[in-house]
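Pulled from TrEMBL:
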DOMAIN    2-375  domain 'Amino acid transporter transmembrane'
TRANSMEM  20-43  transmembrane segment
TRANSMEM  73-95  transmembrane segment
TRANSMEM  115-132  transmembrane segment
TRANSMEM  144-166  transmembrane segment
TRANSMEM  178-198  transmembrane segment
TRANSMEM  210-233  transmembrane segment
TRANSMEM  253-281  transmembrane segment
TRANSMEM  293-312  transmembrane segment
TRANSMEM  318-339  transmembrane segment
TRANSMEM  359-379  transmembrane segment
Amino acid sequence: LQGIFVLGLPYALLHSGYSGLLLIVLAAALCCYTGKILIACLYEENEDGQLIRVRDTYEDIANASCKKLSPSLGGIVVNVTQVVELIMTCILYLVVSGNLLSHSFPYLPVTEKTWSVIAFVTLLPCIFIRTLKIVSKLSQLCSFVHFFIIFVVITYCLTQVHQWSWAKFRLSLEFENFLVSVGVIIFSYTSQIFLPALESNMKNPGEFRCMLNWTHFFACILKTTFALTAFLTWGEKTKEVITDNLPSFLETLVNLCLLTKALLSYPLPFFAATEIVYSCISNDNHSNYRSPLLAVTVRGSFLLLTLLMAMFTPHFALLMGLSGSVTGAAMTFLLPSLFHLKLKWNKLSFIEKCADISVFILGFLCSLAGLACSIKGLLKVFG
């Protein structure tokens with residue numbers, strides 16, 4: 001999920017300067033923290049003081065937090081938010097796939113939308129994915145492709161080290177461009193939607209916090225190195241997607257790798273979205289479907305929906321930014337901190353309460369700023 005945003009990190013540095021480097025580190029720390037407190041909401045202490053897992057999903061946490069208002073209100077809000085974000089992500093992968101194919105084979109008389117349909121055909125087997133184990137294998141392959149792309153870009157940048165200059169960093173910032181950079185950097189780390197399922201499927205859930213620390217630490221190091229080397233190489237000429245700066249022979253290779261990554265990334269958000277919808281329909285939270293026909297219908301409908309929206313939604317990137325500003329900030333910052341305060345208030349120290357409140361305010365401001373920028377962009381386009 002993070003690969004598309006990672007490729008925009010050098011461009012984010014172009015508009016954020018030295019503060020962008022600090023933001024990459026800060027975003028890693030904040031997203032790691034909200035991941036931990038979200039998982040903490042799955043547990044309660046028993047009479048012996050031992051932590052027992054009493055909830056299974058993000059929905060369960062939301063319902064427990066909002067039970068005084070309505071037994072199911074919180075779950076409905078979280079499920080709708082999750083499904084919107086996941087489906088928008090799936091559509092983004094289809095749009096990106098069509099764009100990459102179009103740029104990789106410009107000499108063929110095929111439109112970008114037709115390429116998206118071709119990419120869609122390769123994704124049809126997703127209808128028959130029934131377990132997270134298959135998705136995890138595909139995600140593992142996706143990670144290998146991702147590391148290869150990063151390796152190719154960094155290696156090329158190191159061959160241009162003689163051109164590097166720290167003078168390329170900007171000290172003065174344009175506020176609107178800076179907000180775009182904040183969005184790219186923060187949402188390159190988001191994964192909270194998948195954490196409850198990930199933690200429950202670990203062989204040793206007790207190692208979850210350690211795993212989260214190390215993965216965010218290494219992600220921070222990798223992203224800082226990647227963004228810094230790329231920006232120092234191209235400076236003011238850095239493009240929105242850094243692969244567009246590469247020489248043509250490398251650009252084609254990396255674009256095909258990105259296409260592979262986009263197609264391998266699609267099953268994870270697709271599977272998560274259809275699982276949520278099916279569990280709501282059947283009131284069954286297990287992965288093994290009671291009605292295979294209903295399961296195939298749900299997955300097939302969602303697959304077709306992503307294609308139709310990828311084909312016929314105008315200015316999808318702006319729409320993605322609009323929904324992402326709301327759903328992304330909510331699932332990553334607002335809801336984890338709010339639920340943690342609600343469920344653990346009496347057991348939190350003063351510092352922990354201040355930390356949660358600070359994260360909530362930061363998430364709210366990020367969401368508001370991103371919303372304003374997206375609406376401004378849509379008004380400009382339709383104006």
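Quick reminder: no glycine exception, Cβ is built from N, Cα and C everywhere.
Contact between the transmembrane segment (293-312) and the transmembrane segment (115-132) is present: at least three CB pairs lie under 8 Å, with pairs separated by 6 or more positions in sequence. 253-281 is the stretch from 73-95, 210-233, 253-281, 359-379 with the greatest number of Cβ pairs below 8 Å to the transmembrane segment (115-132). Beyond its flanks by at least six residues, the transmembrane segment (253-281) meets 1, 3-4, 7, 59, 79, 82-83, 86-87, 89-90, 93-94, 96-97, 100-101, 103-104, 119, 122-123, 126, 129, 132, 134-135, 138-139, 141-142, 145-146, 148-149, 152-153, 193-194, 197, 243, 246, 287, 289, 294-295, 298-299, 302-303, 306 of its own chain at Cβ-Cβ distances under 8 Å. Counting Cβ pairs under 8 Å that are 6 or more residues apart, the transmembrane segment (144-166) and the transmembrane segment (20-43) reach fewer than 3 and are not in contact. Only residues 6 or more beyond the boundaries of the transmembrane segment (178-198), in the same chain, are considered here, and those with a CB under 8 A from a CB of the stretch are 1-2, 5-6, 8-9, 11-13, 15-16, 19-20, 23-24, 27-28, 30-31, 34-35, 38-39, 42, 56-58, 61, 82, 85-86, 132, 216, 219, 223, 268, 272, 321, 324-325, 328, 331-332, 336, 366, 369-370, 373.
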